[in-house]
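The structure under discussion appears below in the form of structure tokens.
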């Protein structure tokens, strides 16, 4: 080549690296030819990608067939790069057919011997490539958001790479240094350019010197930066930040004239972005080039410009202008625009930017809301009109000057079409969430972007000063301005995912240059016959995993250091084989080891974890150790570490599994066996594992998987430094609090410092609360990055990408999507722990005090990062992150959606038969009073519905009666929120909107099962669920059940197929589609007669079951009848079939667990019979473990049962009591039932009993805790799991009558007050348990919610469980309460408060409460809501002052038979207290004239109810005067009482004592 070509002026200088001759054009200076001209990297190597052709003496490269091919365009420099010289290319030509564009970098591979891959990202062996705005090393991303996005460069733009003398890689764009992209480059590298995607032709420009300092020696001070120049903020890898001030006379490259002004994309960064990127440490080593001073083009600081045009500083945020269309409403700090009345008006929705757009600045918006009413949609473009002086038109297309708009898929200039088919996308077809952007290039070309994809040049000539403009027209209602760092989730780097060849494509930090490469843990090249090592020793795989299941052994390249964790991530699995990955250590050097087919065949120096056991030299030493590796999935991690004390520990998903072996010698190599399903694994560098617990002093040192200690500690999750205005972050980011908590109740949102990983728990503990406000903490997750979140008052104000739990409501994007979730955050107090976790399936789970509450919602986007977010709202003031925060077991995290089959469920008890609704498909005929449905014609239009909503645990079941074999398909059934009556007239009419088939029923949310597929609103959710419904025959039964845990279950021939879907709404109807071969069905199920919507009412001897506070004769009620105990057989013993760690003794009546913490299941030989109490005593507890015994029943034959490691793993026919929860087939169906079994001390006697209706009762020390499980199938056997702390139990034969809570000879001498509510003090080893959900009905809960709305101090009421008692029809009948009782001396009758709910009040301790309850009479006093607090504060009725509760009426209230004093007369205080009206009948005292009604809205159901309040009081005999009723009543309120004694009046002070507040709700 000719030296000095291209006008360099130089001469001489061949292609070698030597200096050239001459100087610039005049023979002097420092022109390009002075250092060799083009001889140093100025040419491209003749060997190229297969589609590249070279021209212009090897300086121009063109990719052939650009319309058909997007890759194979790789070119390299002819010579290695010289340090400090920039290899620069110019983009000559681009096409719009593809996504992605030019990629550039360096490689250590010699092009003369290189086997060219299809793209630059396929280069390995020391290659660094900048792709888009990512830096990749050997195809793996090491730095994101670097420099300028190369995909946005246009024709004529220049890009170059430089290797500095310090071994750094720098990128140059249009003469601008983008900073350090990589460090540690080898001394000999070639430039590499990939003509990828849109880029089809480039030309090499003469090489130029770089601007980076060649050595770390301090540079002399440069002259100050001119006002119109930019400052480049260089963030070096390990040195301090330095700002290099570039002077045009000293450092600007001569061949890039005016480049700092004409091509400055980095000047577009807002100040907030600069600050955010500076403080973030995620991308150390990146370089930010920020222009904080230069104004937009055409508005510089020149002599004339400064005087004629206002200067807009570049750090002005790009927002919407305050002046806008007449229907526009701005919000979100003028970043969001919304058109008012979108269903009435379709125009007058024009908004403009607050300032002109700069060159190359992206103006991008996100569509937030659309409506379907209009045609046409959003329009976007630019205009030269200043918004301050513009009279806004109805639509921007009405402007006839200075306006360029994109409308549909065309371009309009001044209201007239100039390009009809500008791009493939039409703005009218975009959906909510899509992005639209535009930019004016420095060459005056206007480009539009849709979801990050450049649509090409819309117009080549755009005025220099233009404003962005958006027209919210037609369907478009709401948009928000977004910035570049907001949309990493959209299609900005479309090609990067498709071409990712490495499993390490996730976001990672660049490795420190100082890290020694040989020190990294790699796989040794000597591996199994069927294994291969790739990615520089980081990844091991079995290339033909489906052909063979073994010979996949790989070892580490060096020995492990003490305490060094070797951890791998499973990248790929196959489902052909059994077994999976195995991991361990060996003393054998991999260089000399002849590798076996599996490592368990090695008989020396080897420790391996396989399945859930540990093997040493091929022999099992621990059988049940930790999590089962065979259950792991792709993405899970396993690890191993040898501690200094010689103990070996394994890790699963970062969780330690405890010590597995002892006395392991030092210098062992890590070993991984890619066995069975495991096909590929990659070494994980940045290991984050929980700290290994210290060894216990003696005994088996395994750590139970359920132990809280196993989750302790080493998570890096903290609260982010960005938060709400009232929040304060302390304690190193682990504690968040709301200051001014008594004057501020919101603006205290805190968010996690990084995104949560799948299966990772983020748990906090409430540390401080105040009782000033209503409402409390709210918690959830958001996909909004903390840097992009403009913190609102509360997180429920966010209307996108946010999922929150508020109280019991699950809210998505500010809208309630589910009520009555399993926990209530408003009910939590100080010390409660709240956890959040997103599973790999995209489900969001909450944990309360470590207990999984089940899936709150599903469908969280799996590819989108989510951050934990906590709103310190209302009462909650301070929280801290707990040590339980961190990764959890994936299989445990998704256990609530397991699909294991459970035992066949019986149909509901006999009652009213189900019916089909009269609204049905047009081909359906209903017969036999709506219990039979037949499809009369065709194969579709066969929808039928249940007549009523399904209640919790209610089964709707049909039997197949007719088949038509000529059709294919299957019966479809499920649940829908669509009320059948909404579909119009029935009887086959089909209604106006009833679709022909169930998958098309999408007007309301519908869950359905077809064949073996689960769908929601027609969208596939699961495959391979249960039995295939296509195989149903005549006589087959199929049903659907809505579980109490908001799950949908399908039953086939009585067998539960497990949960098909979660998050089912409360109000759902059963729906069937008589589709295809199934032609006729008949109903075989019936609805329940008893209360089942809430939970079962209390049992006869429940702890809330008696009138104990006020009745000393309570022994007579609720203790006999069905509570009698059957005769205890003398042959009760444990079966010989039991867990492997059990040893039986004492005639098989004592069971002892002799090893480990599990494998301790025992079953009693005799099945349970009604009224037979079977009891066991806890003999011995080992405090080394956590958790304790599990109690329950199984209905399968125990003699042939193969017991699992723990009872909770029983997935068929099992009902278990564990802790305070009730479980069915491994799924929690109830919580907070009875006392916590994990805290029972030694000597506690626990019992199980079946009542006459099949309800399973739990007894603790002889006290019945109520019905745990209703309708247990029989026969069933009692089961005990000696788990965790419980190591020995013995069967106890109680004396007859023990079940009733009495012991022989003592009950008669015991005061009723000693047995109040069924639990004696001697049996309570902890705080009294809260009222169990199983022991309260819906009416009770409704009254309790109303009582809470009164905001009465809790100190007035008795603590649980003595707090309240329900007297609704169901509860009082189940207890057997009599309607009337007698009390006092002399005895007087009074009525029980049937239909009301009683809230017991504390008795004044100065009074002799025991005497009062026996000798005083019982009566009622009607009141109103406004008076309740004053009565409680006073402590009695009519305490000598004017009382609004006296029978003297209030103003505006009806008279009650007494004269009202004059208006200005003060009532007498001591001499004549106002009389108080009482009655022994609440029917009279609770009449509306005496107890006024008030309306309220139930916070749970949002329905309006009417409520009344009254007081139950003790009244001193002789202090009152009985008389006839004074209130005007239409009929006798209570015929049981004589009208002459229905009303009691007292005037004596101290004659009444408040006993209870009564509430009645209609």
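Using N, Cα and C of the backbone, Cβ positions are placed for all residues, glycine too.
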Site from 247, 907 that Swiss-Prot describes as phosphoserine, others unannotated there: 907
Swiss-Prot annotation of region 'Disordered' - which of the ranges 639-664, 665-690, 691-716 it falls on: 691-716
Of 177-206, 207-236, 267-296, 297-326, the range Swiss-Prot labels region 'Disordered': 207-236
Annotated region 'Disordered' segment (source Swiss-Prot; candidates 1086-1123, 1124-1161, 1162-1199): 1086-1123
Among ranges 1-48, 49-96, whichever one Swiss-Prot labels region 'Disordered': 1-48
Candidate set 502, 1479, residue annotated phosphoserine in Swiss-Prot: 502
Model confidence over the domain 'NHR 5' (913-1086), averaged pLDDT: 86
Selected stretch (most C-beta pairs under 8 A with the domain 'NHR 6' (1131-1294)) from 317-484, 520-686, 716-884, 913-1086: 913-1086
The domain 'NHR 2' (317-484) versus listed stretches 520-686, 716-884, 913-1086: most Cβ pairs under 8 Å: 716-884
